[in-house]
Structures are given as C-alpha cells and as structure tokens.
Amino acid sequence: MVAEVDSMPAASSVKKPFVLRSKMGKWCRHCFPCCRGSGKSNVGTSGDQDDSTMKTLRSKMGKWCCHCFPCCRGSGKSNVGAWGDYDDSAFVEPRYHVRREDLDKLHRAAWWGKVARKDLIVMLRDTDVNKQDKQKRTALHLASANGNSGVVKLLLDRRCQLNVLDNKKRTALTKAVQCQEDECALMLLEHGTDPNIPDEYGNTTLHYAIYNEDKLMAKALLLYGADIESKNKHGLTPLLLGVHEQKQQVVKFLIKKKANLNALDRYGRTALILAVCCGSASIVSLLLEQNIDVSSQDLSGQTAREYAVSSHHHVICQLLSDYKEKQMLKISSENSNPEQDLKLTSEEESQRFKGSENSQPEKMSQEPEINKDGDREVEEEMKKHESNNVGLLENLSNGVTAGNGDDGLIPQRKSRTPENQQFPDNESEEYHRICELVSDYKEKQMPKYSSENSNPEQDLKLTSEEESQRLKGSENGQPEKRSQEPEINKDGDRELENFMAIEEMKKHGSTHVGFPENLTNGATAGNGDDGLIPPRKSRTPESQQFPDTENEEYHSDEQNDTQKQFCEEQNTGILHDEILIHEEKQIEVVEKMNSELSLSCKKERDFLHENSMLREEIAMLRLELDTMKHQSQLRKKKYLEDIESVKKKNDNLLKALQLNELTMDDDTAVLVIDNGSGMCKAGFAGDDAPRAVFPSIVGCPRQQGMMGGMHQKESYVGKEAQSKRGILTLKYPMEHGIITNWDDMEKIWHHTFYNELRVAPEEHPILLTEAPLNPKANREKMTQIMFETFNTPAMYVAIQAMLSLYTSGRTTGIVMDSGDGVTHTVPIYDGNALPHATLRLDLAGRELTDYLMKILTERGYRFTTMAEREIVRDIKEKLCYVALDFEQEMAMVASSSSLEKSYELPDGQVITISNEWFRCPEALFQPCFLGMESCGIHETTFNSIMKSDVDIRKDLYTNTVLSGGTTMYPGMAHRMQKEIAALAPSMMKIRIIAPPKRKYSVWVGGSILASLSTFQQMWISKQEYDESGPSIVHRKCF
C-alpha cells in the first residue's frame, strides 16, 4: 500500500504503464502532469509504451517519486517503500485459467459442474479421482475453485486426497478460500483438510480470507485450527496483511482473537508502523487502543512517529502525541507512593528540628500584650547596668527559646493534616499558666508606675498606638503562623531580661551613686523607634530654675528616693527568684514537648515499618491464595476427569447389560430383513429360510370409494396388494436396488413387523441388507427410521453380496448378484468388499419380463395389464432357461418343432412357446436385444476381476458365486463358465459356484451373521445412535 500525503492528491488506482505494472506501486502526480489535480493517471490507458518513451518522460519530468520506481524510494515522499513494498501478485486473479483442450473428461465435469450425478458417478468409477492435469490440478481443485459443491461432495465421498498441491503449491481448500467459495471450503474443512499448508508465496488460507475481508471464513478457519501467527515470505502475519491492505474490519476481528500486535515483518516493522506508512488513521487509532508499543523501531531505526512526520500525516502525528501524553500521565500517577511521601515528611520534620536549634524566629502570641508602662522601671534598671547583663540576657534568651521551631515555642509537624492542627491541650494549658504568672506580675507593678509617672489617658493612647503598629507589623513582616498556641510577648521577654540584669548587678555590689541618673538615662536610652517605653513629660519647663533653698529639699528627696529604690530592689530580687522558677518550668515543658515530638516521629517510623511488613504479608497471603486457587483448579480438573472416566465405565457397563439382556431366543432374536427390488424376505436369525416372502409392492386405490362394501384401507402391501391389483395402483419403492420412496418403504417394514412376523420391533435387534453402492444418505435415512420410528434397540446394515458369499462358506471371491431390479458384481477379499472394483448393471429380472412380453406380443399374444404381467413373469420363471450355445439352439428350433412348449393361461387359453424360452434369458449375455449398449453379465464379472489387484485375481476366478433369483435359470452356471473361460487367460482355472437356494442366499447369509456370538459387538445400539446420530452407520457398518 502507498502512503497518503496530505499535501498531495491520492494516488491513482489505474494499472501502471510499461512492463513495470506488476512490480511498481501506484502512479502519482509527481510522475505525470496529467495526474495533477484530477487524482487519476491517464498514462498507459491506450497501451504499453516502449523503453524510449519511458526515458523521454523521465528526462522531462525529473525525479520519479517512490510510488513509481523503486530507485526513488527513500526520497522522503513516502515511507512505505523505504524497504520496498510488497508484491501482491499472489492475490491477483484467484481463479484458474482453464482451456477445454487441457482437461480430460472428469476435470471438465468438475470445472463446469453441468453433468448429471449418475454420469459423474460412472466417470468416478472408471477414473482415478486424484489424477492431475498439466498444472497439477485435481478434479477437487477445479470443483472447489469454481464453487461446484455437488461435485466436491461426491469427490469427498469417494475419499479423494485432500491436501494435493497444484503448480503453485495450493490445496483445494486454499483455492476455495481464495475464490470465496465458502460452501466448498466448509465441506473441505469438515473432512479434515489442513488449513495451514502454505503456497509458494507462503500464504495460508487465513491470509486469503483476511485479504478478501471474509470474517466468517476466517472465523471458521480459526475454529478448525488455522494458525493466526503464520507468516508468508514477506514476513506478514494475517494481522500485518490486514493492516497493510487497510482492512479495518478484519484487523479489528483479529485483535479480538488475540493476534500478536508486536509481530514483525521481514523489515522489522510492526502493525503500527505499517498502519502509519499506509496512512490509515483509523487503524492507528484502533492499535493505540490496545496499548501497543509506539517506540519500536524497524531495521532502519525509524519509529512510527518518524514515519508519520516524514509523510506529513498530521492526524496520525496528533494521535501518537496524545497517546504519549496519556502514557506519561499514567506513569507519573503510578510512581506516586504514599509510603515515600510519609518518609519524606519525616525527613523534613527532622531537618526542621535541627534548624530550630540554630535560629530562633520572632515569636507571636494570641495572648494580650503586657502593658509597656509597667516595664519602664525595669528597663531603666537594665540601661543603668547594661555592661553587666549582656551575657545573662543571651543565656536567658537561649534558655527560653531552646527547642523552638520556625514558628514559635511549639513547632507544628508537617503532615497531610490541615496546617492549623494543634498539639494536645495539656501542653497549651501549661504554657498559658506561665504567661498568666508574668501578667500578674506586670499588673502589680503597673499601678505604681502609672500613678506616679504617667498620665492614664496619655499612656492609654500611647499603648493603643503601639498595639496598632505592632499588629500592622505582624501582618506585613511576621511569617505565617503554623500554630495557634499562645506565644510569650516580646515585652514579657524584655521584662525577664531586665530582672535578670538587676540580679546580676546585686551580685557584683554595684554602688548606689548615680543610680537615678543611670536609671533616667536607661529609660531615655530605652526609648527607641518602636515606642515601647515612651519618655515621661515633665510638668515643669526645662528652663525652669530652682532656688538654693529648694536645692536642699531636692537632695533630701533624692535620699528618700534612693531608699525607696533599695526597697524596690529587694522586692525585685524576690520577684526574680519566682521568675527563674517559672522559667525552669517553661524549659521543662519545652523539653517535654520536644521529647514527645521525637517520640511521635519514632512512632511514625515504626508505623511505616509496620505498614511495609503488613504489605509484604498481604502480598504473601495473595500469593498463597493464588496458589490455593491453582491447586483447587487442578483438583477440580482431576475430579472432572475422574467423573468422566467413571461415566464412561458406567456407559460401558450399561451397554454390556443391554447386550446381556438381548438373549438369542425366539422372543428377542435378531430380525433379518432382506429388502430386494422385487421381493422382501424376512425372518429370525438362526433359521434356515425366511419366514415371510412377499412382493415389495405398495398399492393404493385408484379412486376413493371404489371398494365401498369392504373395509377400505389407504394402502395395501405385498400379496394383499397383488391380489387387488385390478383396482389398485401398484408402486415399487425400490428402483435398481436403491430406495426411492421412503414412505412406501416404511409401510413395507411396518407390514413386515406387525403382519408378517407379528413382533414388536422395539424388542428385537434388526439386521437390514443394502445394495453395494447404496448412497450414504440412504444408509443414514434407513438408520434414522429404525431408531426413531420403530424404536429398535439395535441394528446393523450389511451388503447383500457379502452375505451371499458367507452362505457359501467363503470370505474371498466375486459375487454376481442379479435380482429383480439390478445386477451387481462385487469382488470380496478376506471379508471386505472392494468398492473400486464393484460394478453395477441395470439389467435384471424386471427387464427380462418386459422383454418376454415384447416377444410374445410379436407372436400375437397381448399382455397389457398388471395381472397379465404377473402371468408373463410366471412363464419366465417356469419355462425359460439359458442356452449353452445360443446360435445352435436357434438353429435347432428352426429345424424342428419338438422343442416347443405349451402354457395354459388362467382363462383356459393355451399358448405355444418356441424359441422365446431361451431368447429371454439370452438378453443377460447380450443386452443389445433390449437396446442397451452395456456389457453382459459375463463381461461385467470379468471387468470386476480385472479392476481388482493382480494378486487376488486367481482367488476370484476360482470363487465366482452366483446369487439372486435371476440366476436361477437352468444352464446359467455352465454358460457363465464357458463365457468367462473365453475371456480369462487360458491357463487360469475357472470355477462357478451356484448354490441351489441362491434365491435366498442373501437372507441365509444374514441369518448366519446375526447368529454369531460376535454380532453383538458389531451392531449399533440405541445409546450410540443418541450420542452420534445417523452418521454412526458409516463407522460401524462397512
């Protein structure tokens, strides 16, 4: 197939010009200007061009594209031909080219199929059915390729060879599938033809079915064992062939049948690459739905996407891109593992704790801030002794915040829970308790400072302003809170630092001189930009001067103030001790929280480990469960096999019981029925002669009401019908030994069981006889009627000639059986009839009766009615004989009247018979008397012997057995001896055996066979019929 290029019109499907038609692809508009725009190629429509024309065109039009010449492949215009396109000549003109002069008679009949069935049977009798013509074609090849199912069925019945190959190594099944003759193909499959035989191109029957888009035939081939992965010489499986030929429906069918999507042709191309090269977006989409590998490369190292890009198949490129994106998303979703996420969370948690030890972020709290006015005195004390408390402040700061995370005192663990998840309430309550203690202390100090040094309204105003600024700062500069736990206010931390500094100053024995000044300076210095400690406004102007008398008062006041300061200092020390105690408790709480956090991390790691152990345990349990299921299935299969074997044993026991129940006494003895064309003979096995012998005729009233005073019946059988022949229409249900009217034949059997033998057929096994060349359909119909209509418990069908041979005590010989309707010559070797040497002659007693009526009519005697015909038959059986030398007998009768005989008719009239009594049987040896061109009975017997194997001819010559009522004429054995001796080799010994009771020899042979102890193993039981149907008669009755 040639790839479709989006920017160019589709290539034309017109046949290619020049001698390259069978080798090159389709022509496109790059090659001929006349193709452009129309999409069709007009070159080559008027005939092939010569080489000079091709060279001229080539020189004018420049480079040829890869659709036209293999030398242009790889130019980038089409990727299909990068490795060479496939030769589709195997699929071109599937039917045979037949010339009449090349075929013989049988092959012509098989090809045309316009031959009568009986003529075709005669052809098959004289011709080898497996004969091949010049092109190695058999009759089965020709009939299958041309759809002559009737001929095919007849050839299969003749057991012709099924897997014969013609000159292209194709079987008859291959030709039937290739020519889409489904009926013939199904018949061949049912008879066991191998569907996997490749032809010279490597194609099997499934390849041709896929090429023809015949899904029903492909399904049938797969049911009969066709290989779905067979490859032809191009490396194409049926799936690759369907993709290459853009057969979307059969490709979809093969995908459902689990065809290998990753199979490669001889160039390493997958089905996807072939679909891309062929430009079939629908097949590409169908293959992508099956998750096919899109990254596979052919032998040139190119992928399907590269072919699509180079061929400008934009739709296919988009399909491949979308498929790849879906695969990437699927892979990314599969790679996300919950256990791995939890592990990463634990690692991040540990790194966060490490970071909290090195850096302390600014704390935030939801608790109300401590009033800043209450801190001013402590802050002034801090400024006064600034040089002595730096280390202590650092230690205190580090001690308070030890173990803090990024967000405050109690860091929040990173997990899948919401960010506002809180720690347990006991930790939060402990923290709140510490903060309340600090608040109480500040409230105690705040009234003193606020009453002496500040204006309440001004302080409240300043506090509100500072609070609003702090909130703005927290909104703009503070990091996002990870916890809702309360944090210690910065002012509270600063107050603790101040008290620690005062205590340090006590230890070093600081002087009291300048304390107020230092305190004042510390307060002034502490007034920073953030306005935590605003300066107190003096009520006197700065430039105000005090007199000297007031100066002394000032010093006395200063001493009082100093004394107050010492008192306050002592109170501060007491408070400092309490704060240290609370601080230690706070550190303990933080350490406890850290230990609990590490414990929770450890628990998480333990949970992860336990989770992985549980997963492994679940996997082991699943594996154990699968093992148990598999073992259960094996045990179930074994139990079913045991049940099946026990069932078979029980069936065999039932069969044995049924056989044992059928004892050979008069009540359940085997019924033997010989169905002849003229007479029906019936009786019980083991008897010397049949108990019932009656004509095989059925009579129906000619008009309703003709038998009005009598008990009128719809039909009459046998002697009763013969006695009423004047008012009945008589019919013979058998013609030339073959049953033609099954309704009348069923009436004869019913009459045999209930009127002649007076037995119930459902209580007796039955042995029926048949003609040697009885059709298979007749055998099956006979079996069906016995089992379904008469419900017989068992039955067997035997060939009449074999039973005649058994009567003479032989198992090897040739039987010439001539009855009322047909004559057969059947060679038998070691108890087996030879069908290829069996011959049939439609000349017997009925034809002799008609001939005798004719010659008597020439003498002036008229016999026209059925009753008169019976009179003629009686004359034939009582007076006629076979002349040893016909010419001599004719001369004797002409010269003397002493050989004439008289016969009295029922009405008293006497007729005279001269040469008619030996002229009538002479027609058996000279059928030309009757206007027939066939051979006589002696030549037919000789021809059967000659068709047999050379090694057994001697046994046949010495064991020639006569059978049937027509062989009862006196002189028959001597005439046969004389005629066959004249035909056989001079040194060959001839022996004709003519049993005295040969009129009933067929029935007697059946009686002998049915009385054998081994006969029970030969017959067909009702159970076997129910299991296999009527076709079982072909397997058990040979």
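We count from 1, first residue shown onward.
Backbone N, Cα and C define each Cβ position, glycine as well.
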| request: With Swiss-Prot as the source, identify the stretch among 35-91, 548-604, 605-661 annotated coiled coil. | output: 605-661
| note | DSSP composition of the repeat 'ANK 3' (201-230), residue counts helix/strand/coil, works out to 16 helix, 0 strand, 14 coil
| Number of helical, extended and coil residues in the repeat 'ANK 1' (135-164), per DSSP | 16 helix, 0 strand, 14 coil
| query | Other than its close neighbours in sequence, what residues sit by the repeat 'ANK 4' (234-263), given a CB gap under 8 Å and a spacing of at least six beyond its ends? | reply | 1, 86-87, 202, 206-207, 209-211, 213, 215, 218-219, 222, 228, 269-272, 274-275, 278, 280, 282-283, 286-287, 290, 292-293, 296
| task | Could you tell me the mean pLDDT over the repeat 'ANK 2' (168-197), as a whole number? | result | 91
